[in-house]
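What follows is a set of notes on a single structure, which appears directly below.
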Amino acid sequence: MMQFTKQNFIFLIIGIIVYIVDIGVDFWVASKYFCQGQYSWSILILFFRGLSSLITQIFSYEWFKNDWESTNTGKLKWIFLVHLLQCGIFIRYWFALKYGCQAAFKQNGIRDASETDPPNLIQKKAVDVVTDINMLKVFKTFLETAPQLFVQIYVLMEHGKSSICQYAAIMMSFCGISVSTVDYQISLRISLPDKAEFHVLPKLVYLFYKLLTITSWILSISLITLLSIRSSAILLIFLWIGGFSWVLKQHTTFCKSKKMEYLYRTVVGIILIFTFFNIKGRKTKICICIYYTTHSIVTLGILFVYMFWKPSTIKDMHFKIVSILTVLGLVLGIMFLIVYYRHFHPTSYCRSQTSSDEVDGEAGQRMEFGRFQNFIMQ
């Protein structure tokens, strides 16, 4: 049975705080750049903020419409207005606090349900609304936080000058990625009954796997951007085309309308630039090996290009530090990935519930999971 616990409620509060602080830091950084006459960086920071906000509002409203169109059509008008004002996520947080508080603190007296009993209604509402928020946060992380982290690191390496503002932005980006990835996995485990409980150690292993591989890749992109902005843009476009094509090949069915489905596939293509996600709940051993092998080759290729094209930069302390962090992050990240998939991935310790051919979402397709059934999974 799905359970929304006090620990989940605490993570929800932390997520709200990080989200609000992140908004403030974004505008603070943008204003600092603007006051310093660096208008292009200010505009770029605000662009990523606006893009992620627009797309998350579109998906959030679409989900409200899908859920309420047959029962609460009257409320959809003011829900649309709130999303038009880019505040839809706060409506979802309000519902999450309401149902989460009831599920975590006011449901203790209810008898424990057996495996055959239907999930408690309040528990299910709490899990569903938090799951929706965490799905939206995944979009925000890779449409805004990861690109902003790339911009901040690039500016730091390009100009060699640092400020409290830049360090604050970089730290908030790391916090945003960390909270988003962990919250996503927590929601996945709670929402899908065939997934094992996500304990502290698996959370840490998953967190370091994602954080280290993403950081290494962002540093690599920053290095090639220092070498040539055009080359960096071509690489990113090429990677997006590859990711988008792979998503098309998977024939995803996340959205009800074709337009929204193509928007979803476009966004997932952007996510795949930064990290791997399993979008169909199927075996991914070959795909994930190809994905991180490609990232490793490109990362090492960028470092070798520097060695032969600009050997003078090798002596630069910034380049040495970034190179060491890039390689170290990649190696450690892949090591954590291997540990996670060998010991902590749901397939590794849920086989008693499924056959040897059933992994991730395949066995669970016999059950109703809501939106997460067709969302990016891992």
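Backbone N, Cα and C atoms are what each Cβ position is placed from, and that goes for glycine too.
The structure displayed is predicted, hence computed values, not measured ones.
Annotation comment: TrEMBL describes 9-29, 41-64, 76-95, 206-226, 233-250, 262-279, 286-309, 321-341 as transmembrane segment.
Beyond the transmembrane segment (41-64), the same-chain residues lying 6 or more positions past its ends with a Cβ under 8 Å from any Cβ of the stretch are 23, 26, 29-31, 33-34, 76, 79-80, 83-84, 86, 88-89, 92, 132, 135-136, 139-140, 143-144, 147-148, 151, 155, 255, 257, 260, 263-264, 267, 371.
Non-local neighbours of the transmembrane segment (286-309) in the same chain are 213, 216-217, 220, 223-224, 227, 235, 246, 272, 276, 278, 319, 323, 326-327, 330, 334, 337, 341; each lies 6+ residues outside the stretch with a CB under 8 Å from one of its CB atoms. Residues of the same chain lying 6 or more positions beyond the ends of the transmembrane segment (262-279) and with a Cβ under 8 Å from any Cβ of it are 55, 58-59, 138-139, 142-143, 146, 210, 213-214, 217-218, 236, 239-244, 246-248, 250, 252, 254-255, 287-288, 291-292, 360, 375-378. Panel annotation: around the transmembrane segment (206-226), residues 146, 149-150, 153-154, 157-158, 174, 177-178, 181-182, 185, 232, 235-236, 274-275, 292, 295, 298-299, 302-303, 305-306, 319, 322-323, 325-330, 332-334, 336-337, 339-340, 344 of the same chain, lying at least six beyond its termini, place a Cβ under 8 Å from a Cβ of the stretch.
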